[in-house]
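J.: Not my notes, these are from TrEMBL:
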- 585-647: domain 'CBS' (DOMAIN)
- 688-744: domain 'CBS' (DOMAIN)
- 70-91: transmembrane segment (TRANSMEM)
- 131-151: transmembrane segment (TRANSMEM)
- 172-188: transmembrane segment (TRANSMEM)
- 233-256: transmembrane segment (TRANSMEM)
- 268-287: transmembrane segment (TRANSMEM)
- 315-338: transmembrane segment (TRANSMEM)
- 359-379: transmembrane segment (TRANSMEM)
- 438-460: transmembrane segment (TRANSMEM)
- 467-489: transmembrane segment (TRANSMEM)
- 501-525: transmembrane segment (TRANSMEM)
Amino acid sequence: MNEDDDVLLIDDDVAEPSSENTGIQAGDELYKIKNEFESLNYEIVQNRIRQDELRRHNKTSSTTKELERWLICFFIGALTGAIGVVITVSIEALSGLKQKWLNNLFHPREVESHVSSFVPVLVWCWLDTSFVLISGLMCAFLAPVAAGSGIPQIKCFLNGVRFPKVIRLKTLIVKVLGIILAVSGGLVCGKEGPMVHAGAVLAGGISQGNSLSLGITTSIFEHFRDDHEKRDFVAAGAAAGVSAAFGAPVGGVLFALEEAASFWNQPLTWRIFFCSMTSFMSLNYGLTAMKTDLQFGNFSAVGLLNFGKFDNSMWYYYELPLFVLMGVIGGLLGACFVQLNKVITINRIHLRPSRLAKTLETGCIALLSTCAYIVMLYVNPYCRDETEDGPAGSAISMKEFQHLRMNCGPHQYNTMSLLSFGTPETAVKAMFHEPYDFFHSTTLLIFLPIYWLLACLTYGISVPSGLFVPALLCGATWGRLVHILMATICGVEKISDPSVYALVGAAAGLAGTVRMTLSLCVIIIEATGNLTLALPITAVLITSKAVGDLFNKGIYDTHIHLWGVPILEWEPPPNSELIKATGIMSKPVVGFRSVETVRNLYNELASSNHQHNGFPVTDANNGDYQGLVLRSHILLILKNRLFYDPSRPQDLLSLTELRSAYPRYFSVSETGIEEVDMDKLVDLRPYINKSVHMLTVESTLESIFRLFRALGLRHAVVVDKALKPIGIVTRKDIARFRAENEAVHRIPIDEFRQSHVYYD
C-alpha cells in the first residue's frame, strides 16, 4: 500500500471498525487482524544512496541536525502548552456563560425559591445537547479518528502501526473544538486525554517542516521526513500533552516510555524531557496571563487538571493494608468498567451505524447525561448555606463553582451542584479538598453509580473524550465513602484526612481502568506536590493493576484489539520459543532480481493479490539473497524513468528525492509508465538495503518478536541454508499469530499456517 494514511482504501469510519473486518462473532471474541492497518517502517534503510549522502556530511552538519531536533522539541512543547491554554480558557468561558444563564433561570432575583417551571430544565437539556451534537457532527463527518481520547491511536503509531489520518491538521482542529464543546456540554469526559493526541499531532506536523493539508511545502527539516525520525517527535508530543494536562513533566516522559513508545535511548530521553518541561512552562505562562485571578508567571496554574494543595496528607502505618484493599476494589471496578464498555463497543460495531446515526447517538448520550444530573439534584436532600464569598464551608471558590439551589431553601445550595453542575475538574478538586462532613454518604451513593454508568456509555461515542477525569472522579467518590465508613467505625481522629482517601481511591480507579503504574504514580505525585503519599499510592497502583489484569486488559488495549490493529505488546506470545520462523512466515515470497524488467516491477506493484511494501532482491545469476527494496523507492525510480543502460553511467535518485513524496506516496498507475517502457531494465542495487535483518529457518518466534519489538521492524526475510529467500515475516504475521492462538484453540496451527496471506 501507499505510505500515507490518506490513500488507504478503507472507510473514513476506521475509528470504529465494522464487524465485518473485526472478526467479532456472536459468542466468539476473535480479534481478526485487519489488513487495512499498515505498518510503519522504523528501520533506517542503509543503501548506497544513504551511504553516499553520509560521506558528504561533516561534523558541522551533524551538529546542525541535532540542534534542529532540539528546536523542533521546543516548538512542540510551546505549541502544546498554547493548545492547552486555548482549551482551558474556552471551556471555562463557555461553561461559565452556560452556568450563569441557567442560574438566572433557576433562581430569578425577585424570587426567593426555586422556579417550578420546566423552562430552565429544557434550556439546560437544549444547551448540552446542542454543544455535543456539534462536536459529534464534526467528528462523524470531518475527522472520525478525532473521537475518543486519541491515546490508543497514538499508542498504535508509536508501536509501529500507521493509524489512518491520526496525525493530521484537520484531526487536531476537530479534536480541540470537539473537546471544548463536549466538556462544556456536560458529557462525562475530560480534556486531559485529548491533550496527548493534540501534542502528538503537533509533533508530527512541525517535525516535517511542511503541511500537505494546507499545500505548504518547504525544504525545512526535510531530513526528518521518514518514519524513524517522526516516531521520536511524536513520542515527545505525547509526553508534552501529559505534561500540560497534569503539570507533570517527568510523568510525561514516563508515560511516553511506559504506555507509548516501543523504542528508547538516552538522547531521546533528554529531548522528550526538554519538550515536556517547555510544555509545562508554556501552559503556566499562558494561563497566568489569561486569568485575572493569577499572577503572571508565578507557576500557580500547574496543569489543565489542578489537584490543589495537599497540605494535610499524613497517614498512619496501620492504614496501609486498607489502602491495598482499596487497590483491590479499584482493580475490580476497573475490570468491570472495561468489560461493560467492551460489550457496549461490540454492540456499536455490530449495528454498523451511519455517520448521522453516530451523531444522533452523541446527542442522546448528552440528553441522558443532563437528565441524570437534574434527577440527582432533585433527589439529593442535602443543602448547605451560601455566602457572598462562595459556598459556606467549601474549598471551592465562587469563581470555580456556580451553585444551584434546586431542592433547597433561600440562601442555600444543593451539595450535588459541586458534582453535577460544574466541570468534571471542579468536581475532582471538591472530592479532594472538601471537609469531612461536606458530602453526605447518601449524596455520594446517588452520584457514584449513575456517573460510573454514564462514563461507560460515553467512552467510545463519536466525540473527543478523555477518560482520566471520569475515572479519577469515580475513584475519589468511593474513596470518600470508604473514609466515611472508617470514620464511623474507628472515629475521624484515628484515620487520615478525607483528601488522602479520595486521592487513593482516585489512583485505584484510574489504574484499574487504564492499567498504568510507574507513569501514573509520578503523575499523581507531581500533581499533588507531596511525596508523603508515595508509598500508599505505589501500593494501590500495583495492586489495582494486578487485580484488573486477572480479568481483562486495560481500556486502551481492549479498544486496540477490537479495532484489529496489529500491535506488538511488551512480551512475546506464550511458548513462543517452541515456534519456528517457518510456522509463522508468509509464503511464497514475491521478490525481484537485482536488475529487473519494468514489466515485472509494474505488474507486481499493480497486483491486487498482494500489497507488499518490501521486496527481497536476489542476485540475477545465482539467486542469493541481496537485501530488501521498498515499494516507495521503486515507484520513485519508475516515475523518474531511471532505466538501466549498461553502456552509460547510471543516474541515481538523491536521498532528498527519496524523501520527497513522504508520507503521501502515489500509486503505480501514476508513474506514467507506458507499454513502450515495459521491456526496459531497472537496476535496483543502489537502492537495496543490504544491512537488513535476516531470519533463518531455525529462528524462534520469541527471538523474532523481540527483534521486531525493539527495532520497530516492518518485515524480515526468512532464508534457507543456501541464502535463498523462502518466506517473509511481517509484524502482521506476529500479531495475527497471537490473535489466532488466543482464540481458544478454534483454529488448528497447521490450518493457520496455510490460510493466511502475506500482507504488510
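Yeah, the Cβs are placed from backbone N, Cα and C, and that goes for glycine too.
TrEMBL labels come from automatic prediction, so no person has curated them.
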J.: With pairs 6 or more apart in sequence, are the transmembrane segment (359-379) and the transmembrane segment (172-188) linked by at least 3 Cβ pairs under 8 Å?
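T.: As far as Cβ distances go (cut-off 8 Å, pairs 6 or more apart), the transmembrane segment (359-379) and the transmembrane segment (172-188) touch.
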J.: Are there residues at least six beyond either end of the transmembrane segment (233-256) with Cβ under 8 Å to its Cβ atoms? List them, or say none.
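T.: For the transmembrane segment (233-256), the far contacts come to 72-73, 76-77, 80-81, 83-84, 154, 157-158, 167, 191-193, 195-204, 206-207, 224, 268-269, 271-273, 275-280, 282-284, 302-306, 468, 516, 518-520, 522-523, 526-527.
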J.: Can you tell me which parts of the same chain pack against the transmembrane segment (131-151), counting only residues 6+ beyond its ends and a CB-CB cutoff under 8 A?
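T.: Non-local partners: 12-16, 94, 163-166, 168, 170-171, 173-175, 177-179, 181-182, 184-187, 193-194, 196-198, 200, 259, 355-356, 358-359, 361-363, 365-366, 459-468, 556, 559.
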J.: Is it possible to list how many residues within the domain 'CBS' (585-647) are helical, extended or coil according to DSSP?
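T.: Summed by class, the stretch gives 18 helix, 18 strand, 27 coil.
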J.: For the domain 'CBS' (688-744), how many residues does DSSP put in helix, in strand and in coil?
T.: 22 helix, 16 strand, 19 coil
J.: Of the stretches 70-91, 172-188, 268-287, 467-489, which racks up the most C-beta pairs under 8 Å with the transmembrane segment (315-338)?
T.: 467-489
J.: Out of 70-91, 172-188, 467-489, which stretch touches the transmembrane segment (268-287) the most, going by CB pairs under 8 Å?
T.: 70-91
J.: Residues of the same chain, at least six outside the transmembrane segment (172-188), with any C-beta under 8 angstroms of its C-beta?
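T.: For the transmembrane segment (172-188), the sequence-distant neighbours (Cβ-Cβ under 8 Å, at least 6 residues beyond its ends) are 83, 86-87, 90-91, 94-95, 98, 127-132, 134-135, 138-139, 142-143, 146, 150, 194, 197-198, 201-202, 205, 365-366, 369-370, 373, 423-424, 451, 454-455, 457-458, 463-466, 470.
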